[in-house]
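Listed features, source TrEMBL:
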type     : residues  : note
TRANSMEM : B:21-43   : transmembrane segment
TRANSMEM : B:71-100  : transmembrane segment
DOMAIN   : B:75-280  : domain 'ABC transmembrane type-1'
TRANSMEM : B:120-140 : transmembrane segment
TRANSMEM : B:146-169 : transmembrane segment
TRANSMEM : B:190-211 : transmembrane segment
TRANSMEM : B:259-284 : transmembrane segment
Amino acid sequence: MTKISEETQETRTGGLTSKPVVDRKDKQQKRESKNVMQVEDLNLWYGSNQALYEINMDVPEKRVTAIIGPSGCGKSTFIKTLNRMVEMVPIVKTSGSIKYRDQDIFNGNFKQEYLRTKVGMVFQSPNPFPKSVYDNVAYGPRVHGIKKKEVLDEIVEKSLKDAAIWDELKDRLDANAYGLSGGQQQRVCIARALAVEPDVILMDEPTSSLDPISTSKVEELVQELKKKYSIIIVTHNMQQAARISDKTAFFLNGELVEFAETDDLFQNPQDKRTEDYITGRFG
Amino acid sequence: MLGQNEEGIKKRMEGRVLKNKIMAGLFFLATSVGLIFLVLLFYRVLTQGIGYLNWNYLTSGPAPYPEEAGIWVGMIGSIMLMAIVAIFSVIIGVASAIYLEEYASQNKFTEFIRVNISNLAGVPSIVFGLLGLTFFVYIFNFGYTLIAGGLTMALLILPVIVVASQEALRSVPIDLHQASLGMGATKWQTIARVILPAALPGILTGTIIALSRAIGETAPLIIVGAATAIYTLPDSLLAKYTAMPIQIYNWTARPQEEWQFVAGAGIIILLAVLLLMNSIAVLIRNKFQQRL
């Protein structure tokens, strides 16, 4: 999308929060960035509890977008809405629209299966299948109908390399993924998500159950992956958001309070609530 | 310490430790009651039946004299019956459980169905016998045949299999659902490739328990007409048949004392078949668990 539409978007976001929030991106405009997903006026309810209020947000292509906020602010709910995973809870209702590359994902003709092929996800705690490393990574391609051994071999190798774990595991492809360390499991899960060749990768606090070394490996990986993929990462760790993201969104009580270039948001927050949060006054 | 003197705490400790010992003893006693009666059953059955247990007993059918009578026809009848029961009840039971747990929307109606399936598991087996008599014997016009008996027994254990399979499916972590669906797999692919393999040990355990119940059932078979004196093996699904519990029941009802021993031998064989079935199922289950 062009800058103009982004500006309209900003005005709208600004209008909904108590203070106008400006997305100043002039200095970081390294390339004319397109948007891969656009969220408009998104509301979400769990039964009669509203969890998200009028969210408007453009997700830029091939950049890392971090979502921060205190527990229960709706950040996990929000990214699970982007691949419609949130609807696994039967009482969920939504209004508004989310577009993936200009297609409305809530449209009845737009298949959930297609959406999730394009918008992959890495979860909070590593969730490999109780199968071998190979079968884990080959799961996605197989589901999509690839049967040839040579093709699968190639995908598995490439995905594990892209997830920076090939060298550690190339001799252990037949080992059960449950026997790996937590950090390795999480990178296998990332490789498994990559094997489907998604466009967007959603990461829901992917390092929250990992030790510091594994965490830094995953963080490095994210930097590598953004060359090819658009990444949205939920984190409750503000330092992590500052380290690895290009843009940051701050959620509070189901509202998107501020969404800006990461450096700007942390150095010069426009909203009082953002400032309070990043300076540690609450949350 | 805690505002009391050390002496008082020590004193009461004696009492608490003693109470713990008494409770442990009581629980052991409760367990022994079951064990003692099991041992008595084995002892009685073995001492009475072992004398009649020989090759001839295993390979011949019912006969007018105790020395010539055997369990063969009943044993094969029971095994064929169990095969029919297993095929129908497992396929329908697991499929129902998958529908209820994975596909059905969670509303009052499905909740109602769930509760009622659990209730069905407690319905007396003779009621299922009457149901089988009405439907399979008369309405479907199968008559007093193997298939009518098999289907009746399948209905009898269906609720047990549905409930056990539901439990097994429910215990598969939601993480695995999410991982699979998150890659664009359909619900069915997720079920077939991830959920069912993970739930299989639990489903098999439920099936073992249910089949063990079925193989010893007598009441419904009497109603749907398992014969008591059949001299040949059933040669089709629509043939007359008998089963081990029916044979044993019939023998115990006879006045001459020797028949009690023949029945005892029958019980030994019934227990042996039961044990064999369970061992095979446990082996299959362990094989799948290792693959996880």
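Cβ from N, Cα, C; glycine included.
Note that TrEMBL annotation is computational and uncurated.
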Chain residues outside the transmembrane segment (B:120-140) and at least six past its termini with a C-beta under 8 angstroms from it: 147-149, 151-153, 155-156, 158-160, 163, 217, 219-225
Tertiary contacts of the transmembrane segment (B:259-284) (same chain, 6+ residues out, Cβ under 8 Å): 44-46, 48-53, 57-58, 66, 69, 71, 74-75, 78-79, 82, 204, 207-208, 211-212, 215-216, 244-245, 247-248, 251-252
Remote residues contacting the transmembrane segment (B:146-169) - C-beta distance under 8 A, at least 6 residues beyond either end: 77, 80-81, 83-85, 88-90, 92-94, 96-98, 100-102, 114, 117-118, 120-121, 123, 125, 128-129, 131-133, 136-137, 140, 195, 199-203, 205-207, 209-211, 213-214, 217, 220-221, 224-226, 234, 236-241, 243
Folded-back contacts onto the transmembrane segment (B:71-100), same chain, C-beta under 8 angstroms, at least six residues removed: 57-62, 110, 113-114, 117, 146-147, 149-151, 153-155, 157-158, 161-162, 165-166, 168-169, 191, 196, 203, 207, 210-211, 214-215, 226, 230-234, 237, 241-248, 265-266, 269-270, 273, 277
